[in-house]
Amino acid sequence: MEELNTIKLSDHLTPFLTFNRQQWAELRKSVPLKLTEQDLKPLLGFNEELSLEEVSTIYLPLARLINYYIEENLRRQTVLKRFLSGHNPKVPYIISIAGSVSVGKSTSARILQSLLANWPVARKVDLITTDGFLYPLEILQKKNLLQKKGFPISYDTQRLIRFLADIKSGKKNVKAPIYSHLTYDIIPNQFDIVDRPDILILEGLNVLQIGSNKSNQMFVSDFVDFSIFVDAEEDQLKEWYIKRFLKFCRSAFTDPNSYFKHYANLSEQEAIETASQIWDNINGLNLKQNILPTRERANLILKKGENHKVELVKLRK
């Protein structure tokens, strides 16, 4: 591939290099795909159909790039260890994945986790979602924030920052709260344990947010080594959200323990109208006000088109 074909003239006016699918796929080089169809199935989101071709075209080159960055980071740590006479702890490499509701962040995170964990260089890769750092339902209700759930104000950001600081300082057995999508709440006294991984993937809506609280001197992004933003046009995102909502009405919402069980008896038209209103009043608003403005802060942007296929990749120079 000729360099002139890869780097467009317009790239000189932006901080990003832009690649189409074919150009990006060529950067996989000879890296083999070890993932099988059977391995892929449990990694997919509720409303996603993603092929092994998508994994090899988009995610394998990305995993290859990230491994280069990790190797460089390890070299820097070796220099620091030598300078400090061996007194610095192991520092995990933190990757963040941001983007809108329904864009497929969780699927991207799980696929990347699988690829990085099965790389020729054996590495321990943990995955944590920021959902666990939402305020409990009771607190959101008291603060009248239920309609702002998913907005930056609905997260216990200081708790998340303390969690990341502990991870970066090399602490053992750091606890992360667990969120239940069934009950729409934090599960009391249950935690994921993160014990000094080589790589931590942090997935969530607002992980690139720099916050509105001017007294905060530290942000989630301060602890992140490589940031990814999964992007798509809003009309596409809304369509995916409505389709997912319809499927939930016929599955998860029918569970008597579901917080949203009152949606289970909606007709299809009622469900479409309800999902559309939720998008317009909550998710779409959060996208415009808080999520989309952080996109250009990412190290890499995956721009999706129809069927969750990535059409463009933008890599920060």
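Keep in mind that glycine also has a Cβ here, set from the backbone N, Cα and C atoms.
The feature ATP binding site is assigned by Swiss-Prot to Gly99, Ser100, Val101, Ser102, Val103, Gly104, Lys105, Ser106, with sequence analysis given as support.
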Q.
Using the Cβ center of Gly99, Ser100, Val101, Ser102, Val103, Gly104, Lys105, Ser106 as the ATP site position, which other residues in that chain lie within 8 Å, going by their Cβ?
A. Leu205, Val230, Leu237
**Q.** Three-class DSSP secondary structure - Ser106 (ATP binding site)
**A.** helix
Q. Which of these binding-site residues has the least crowded Cβ, counting other Cβ atoms within 10 Å: Ser100, Ser102, Ser106?
A. Ser106
Q. Looking only at Gly99, Gly104, which of these binding-site residues has the biggest number of Cβ atoms within 10 Å around its Cβ?
A. Gly99
Q. Here are some binding-site residues: Val101, Val103. Which one has the most Cβ atoms within 10 Å of its Cβ?
A. Val103
Q. Around Lys105 (ATP binding site), how many other C-beta atoms are within 10 angstroms of its C-beta?
A. 24
